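Over in Swiss-Prot, the protein carries these features:
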{"type": "BINDING", "residues": "ASP73, GLU74, ASP170", "note": "divalent metal cation binding site"}
{"type": "DOMAIN", "residues": "67-254", "note": "domain 'RNase H type-2'"}
Amino acid sequence: MSFKEIKSTLEDMDEQSRLSAAHDIMDDTRKNVKSLGKKILNAYEKKQNEIARVKKLYEFDKQFGNIVIAGVDEVGRGPLAGPIVGAAVILELNVEKDLDLILGINDSKKLSSKKRQELSEIIKEKALAWEIASLDNNEIDKKGISWCNNEIFKIAISKLKKVPELVISDGYAVKGIGIKNHYIVKGDAQSASIACASIIAKVYRDNLMGEYAKSYSEYGFESNVGYGSKDHIDAIKKFGTTPIHRMSFLKNII
């Protein structure tokens, strides 16, 4: 068979048949055929490693028992503009097939924008329940960022279609929810549920800031998403503030 025919045949195979065939063609004397086999084997190994990594995230959550667990996380504590956004996600943790795992989930900051967008849709499809809540800059200026951070979690949790028996959060305890809570340092890198909440919250907020960028084009919100980059601070000094700026965060700038 020619290289083109081999490649076409492999593409039509199921995963296990393709893997077996890849081992076979490693004995082929043609470099391009052998390279194709190596590529398939490397891709399979990479996928298996990812499955093992994500299973650990699911197992982390399952350690708390066979109960309904909501993971919560926020994005937007530190920006000079825009809302703070929180999300709550309940996953099916007792997955029987690897296909049911949400591969790729991680701390949202470690993922590309494109990957976050893709995963956000998958998470919403596969989650048993999810909710997003936000409070704007005016509320942040009135109540303070810490109060708002806790409040968005309370709102998101209260809106979930399933009532969680445990809430796990990233770094901070969630107060006043009337539900048992565990907070975990670097939780978005350890817990599947928190990682998923981290992703959908960030995608929601980034998209919102992208919309604001259309109205306030001088500030670069499409790239800095409200954080205090040099260009953003320079724009504030040159053009002043917008209706979405957090005035309580700008005392040392204006």
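Glycine is treated like the rest: Cβ placed from N, Cα and C.
Counting only same-chain residues six or more apart in sequence, the Cβ atoms lying under 8 angstroms from the Cβ of GLU74 (divalent metal cation binding site) belong to ILE84, VAL85, GLY86, ALA87, ASN149, ILE152, PHE153, ASP170, ALA201. A Cβ within 8 Å of the Cβ centre of ASP73, GLU74, ASP170, the residues given for divalent metal cation, is found for these other residues of the same chain: VAL72, VAL75, GLY86, ALA87, SER169, GLY171, GLY187, ASP188, ILE194, ALA197, SER198, ALA201. Proximity of ASP73 (divalent metal cation binding site) to non-local residues of its own chain (separation of 6 or more, Cβ distance below 8 Å) is seen for GLY86, ALA87, SER108, SER169, ASP170, GLY187, ASP188, ILE194, ALA195, ALA197, SER198, ALA201, given in sequence order.
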